[in-house]
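Here's the structure, in structure tokens; my notes come after.
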């Protein structure tokens, strides 16, 4: 399998990869992937619907949760067409414009998720360390600005990547290692030096995910200091309990990211299947688990979802009766 490069960039073609050696089982493999994608879509749409329709949830904490659900939904939909296209139709070809577009959305939404998690940590810090000024600090207008800044920052950092990749000619006889396009993979297929892409990629990671994770860690250090100064044991537990869902979301995002980075940097001797599984874990586990975690650990969300299901169940019984 080769990558064809013509005089026009638009005619260049990459080949995506499903699970090498298991092509005959792609139909069966698609079943768990379809289940995951369906769960991600339904779960995040449910979170968005509950927050939108319940006025009592129109608070900064839930606005940020809605942003997280939207980001997870977008990240899921960015990979769905090519992943299921391979499993169902063996549609492996992807043109460079389509590939670069997918790459832009995957990387941008990943950075947006990091930014939203940072905003949520700021929300928890203000709520616990400065509760009397919570409503004046995190006003609806300020929350909207934080969301817009998250999107703009991420998009502006990722926007140069397609243009940096567009400079190259892709003459090497290799296919992409995944069922979707990633910057790190594509630049390795270039014939010329990729040092600029390497340096810029590290710069982006340091300025976004690196800085975000550091600030999240510092915010929780301050939160912990404040919580430990509370005299009542029950109040301490109650304060910490409001952070559990967010801490789970942070771990669900950063642990797979760190794991995938370690596999790419030091796992060249590992089977290709390990690289594939880690990449799917990184892209699919956070969108899959975030709605579940928030539905279980956040009392207000859990109660509203339960009420919705009870209402639907009563309507069904009414029509059947």
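Note: Cβ is positioned from N, Cα and C throughout, glycine not excepted.
The transmembrane segment annotation in TrEMBL falls on one of the ranges 119-140, 273-294, namely 273-294.
Long-range Cβ contacts of the transmembrane segment (273-294) within its own chain (Cβ-Cβ under 8 Å, at least 6 residues beyond either end) map to 19, 36, 39-40, 43-44, 46-47, 65, 68-69, 72-73, 75-76, 79, 106, 113, 177-178, 180, 182, 245, 248-249, 252-253, 256-257, 259-260, 263-264, 267, 301. Annotation: stretch 244-267 has the most Cβ pairs under 8 Å to the transmembrane segment (202-223), among 28-51, 63-88, 244-267.
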